[in-house]
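> Okay, so TrEMBL annotates it like this:
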- 222: active site, proton donor (ACT_SITE)
- 60, 100, 152: substrate binding site (BINDING)
- 25-230: domain 'Thiaminase-2/PQQC' (DOMAIN)
Ligand SMILES: Cc1ncc(CO)c(N)n1
């Protein structure tokens, strides 16, 4: 791959290193539907429907609670199935979710969203069910870490676009966009990408295929989640 910076990922001896970059190129259309969705683009344009934003906030709080359990299962697979050298970065991600849950509670208060009354909508339920499937020990670490990387990256890319030059993002939404759009969060996603690429370089063809399927499934679920937030599907 000739992508900037991706060659930093180590390969397993002549095997293509930057598998994730190749997938992003191969599935560019899907990736852009997930990261330039009308919902997040409307945040950047300043035309966002605030009731849609409030719906997203309540639904994403529920998602993040499930994401904690997902990440715990990724951490467990890391400890069990790799040499454990990735443990610290995953543990750091898990720890930061504690702060994230507090942020959601504070933000929900600001927007008068009663989190106790939120019940998951269809696309959220579907996404949470996908996350729950990772508790099965049969799902490999490479599939799990790749899934973790792309879940975070969709938010990083989506919200970074909302604070890039030329944005008309409403000031009261900048905090949300900074949370995932910051350079620090981008660096974190890049470190997850390097881990995923290293694992993929060592993985069997079967495992790599499963990881690519999971990558695509995440993009589909993320598009569904934004659709749900904008409308009510
Ligand atoms: C739906 C969804 N995808 C990704 C993230 C990133 O953590 C999130 N909070 N919610």
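Heads up, the Cβ atoms here are built off N, Cα and C, so glycines get one too.
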> Ten-angstrom check, please: count other Cβ atoms within 10 Å of the Cβ of residue 100 (substrate binding site), all chains counted.
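Counting Cβ neighbours of residue 100 (substrate binding site) within 10 Å gives 17.
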> By a 10 A CB contact count over all chains shown, which of the recorded positions listed here is most packed: 60, 152, 222?
222
> Determine which residues of this chain, when 60, 100, 152 are set aside, have a Cβ within 8 Å of the centroid of the substrate site's Cβ atoms, and list them as they appear in the sequence.
63, 64, 67, 97, 155, 179, 180
> Across the whole of the domain 'Thiaminase-2/PQQC' (25-230), what does the mean pLDDT come to? Round it, please.
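In the predicted model, the domain 'Thiaminase-2/PQQC' (25-230) has a mean pLDDT of 96.
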> Can you tell me how spread out the substrate site is, meaning the largest CA to CA distance among 60, 100, 152, in Å?
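The span, Cα to Cα at its widest, is 13 Å.
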> Between residue 222 (active site, proton donor) and residue 152 (substrate binding site), what C-alpha distance do you get in Å?
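On Cα coordinates alone, these residues lie 11 Å apart.
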